[in-house]
Amino acid sequence: MRALAKLAPEEGLTLVDRPVPEPGPGEILVRVEAASICGTDLHIWKWDAWARGRIRPPLVTGHEFSGVVEAVGPGVRRPQVGDHVSLESHIVCHACPACRTGNYHVCLNTQILGVDRDGGFAEYVVVPAENAWVNPKDLPFEVAAILEPFGNAVHTVYAGSGVSGKSVLITGAGPIGLMAAMVVRASGAGPILVSDPNPYRLAFARPYADRLVNPLEEDLLEVVRRVTGSGVEVLLEFSGNEAAIHQGLMALIPGGEARILGIPSDPIRFDLAGELVMRGITAFGIAGRRLWQTWMQGTALVYSGRVDLSPLLTHRLPLSRYREAFGLLASGQAVKVILDPKA
């Protein structure tokens with residue numbers, strides 16, 4: 001089979017031939033039909049400081065994908081051969097304190113597909129059966145491939161007291177920020193403001209936002225106060241940008257909620273008293289997806305048609321054109337780029 005792998009501790013990836021793996025006890029073999037490139041994959045491609053500290057080549061990359069169950073290992077009752085599945089990328093231990101208290105999404109021994117073990121940029125992949133989410137067979141594989149990152153957006157939106165009837169600011173209109181805008185709109189929030197300095201991506205938020213803000217052209221805090229009269233009740237932070245984080249926190253009304261998924265590339269400084277404590281701000285750190293509550297919430301939105309993820313699928317390319325695909329995503333002139341492992 002063909003697979004896209006990190007073979008050496010250096011920039012880039014390589015298209016390789018590998019034997020089709022066989023599922024062991026509790027595992028399934030998935031024939032991958034669609035795979036999506038994530039920002040994490042870009043880090044691995046660039047071989048930046050994070051990748052150098054985490055990735056151990058050789059490794060087949062990719063953790064956002066969908067496909068068909070081709071075979072099951074001993075002891076597997078579900079899913080069954082022929083099922084269409086999306087994959088939860090976090091493999092958890094079930095034994096650490098986090099898992100034992102139901103916080104599987106922050107398992108102390110998490111292994112991530114395509115990061116810590118072979119992932120989905122391949123024609124076939126073996127995964128734990130428990131990591132498969134069975135989809136209706138009429139759900140397009142391209143949409144099914146991005147249910148995993150969609151879960152990050154769903155988790156962020158529904159953390160804390162939710163968003164229904166609340167004013168919301170979204171900082172960062174990358175793929176997950178845009179997905180969050182869809183969920184926020186479908187959940188009855190308003191007014192909704194979305195901020196991002198990339199005009200291409202910001203435009204994708206137009207159907208879901210009451211106000212778009214390019215912070216390079218307008219004062220975000222001034223716009224927020226003009227639209228809301230005082231500030232927003234909820235901040236959803238996806239950018240990981242230090243300036244955006246500070247602006248977002250100060251855009252909150254006293255007593256507001258900040259839900260932060262964006263990860264800064266370097267540690268940042270902030271005024272704990274002035275930005276959080278004395279203003280009564282509640283901050284939530286969001287990691288991954290709650291297992292399996294987030295999957296239930298997210299698929300309910302997608303299966304019912306309340307959220308349509310297809311507008312975010314901007315490019316579809318064969319796996320053989322992976323260099324072009326990664327270049328598109330790195331340029332900022334794409335949202336979700338889908339790879340077809342069979343082509």
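Positions of Cβ are set from backbone N, Cα and C atoms, glycine also.
Computed from a predicted structure; not experimentally measured.
Annotated features in Swiss-Prot:
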- C38, H63, E64: Zn(2+) 1 binding site (BINDING)
- T40: active site, charge relay system (ACT_SITE)
- H43: active site, charge relay system (ACT_SITE)
- C93, C96, C99, C107: Zn(2+) 2 binding site (BINDING)
- I176, D196, R201, L261, G262, I263, I286, A287, G288: NAD(+) binding site (BINDING)
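A distance of 10 Å separates the Cα atom of T40 (active site, charge relay system) from that of E64 (Zn(2+) 1 binding site).
Other than C93, C96, C99, C107, the residues of this chain whose Cβ falls within 8 Å of the Cβ centroid of the Zn(2+) 2 site are, in sequence order, V92, H94, A95, P97, A98, R100, Y104, L108, N109, T110. When Cα-Cα distances from C99 (Zn(2+) 2 binding site) are compared across the binding-site residues C38, H63, G262, I286, G288, the shortest belongs to G288. C99 (Zn(2+) 2 binding site) falls within a helix when secondary structure is assigned with DSSP. Sorting the binding-site residues I176, I286 by the number of other Cβ atoms within 10 Å puts I176 first. In sequence order, A35, S36, I37, T40, D41, G62, F65, S89, G114, G119, G120, E148, P149 are the same-chain residues whose CB sits within 8 A of the CB centroid of C38, H63, E64, the residues recorded for Zn(2+) 1 being left out. Ranking the binding-site residues C38, H63, C93 by the distance of their Cα atoms from the Cα of G262 (NAD(+) binding site) places C38 first. Rounded to a whole number, the distance between the Cα atoms of I176 (NAD(+) binding site) and C38 (Zn(2+) 1 binding site) is 10 Å. The shortest Cα-Cα distance from C93 (Zn(2+) 2 binding site) to any of the binding-site residues (R201, I286, G288) is found for G288. When the alpha carbons of G288 (NAD(+) binding site) and H43 (active site, charge relay system) are compared, the span between them is 17 angstrom. Ranked by Cα separation from E64 (Zn(2+) 1 binding site), the recorded positions H43, I176, R201 are led by I176. Listed recorded positions: H43, H63, R201. The one with the lowest count of other Cβ atoms within 10 Å of its Cβ is H43. Close to C96 (Zn(2+) 2 binding site) in the fold, though at least 6 residues off in sequence, lie C107, L108, N109, each with a CB less than 8 Å from its CB. Least packed by the Cβ count within 10 Å, out of the binding-site residues E64, C107, is C107.
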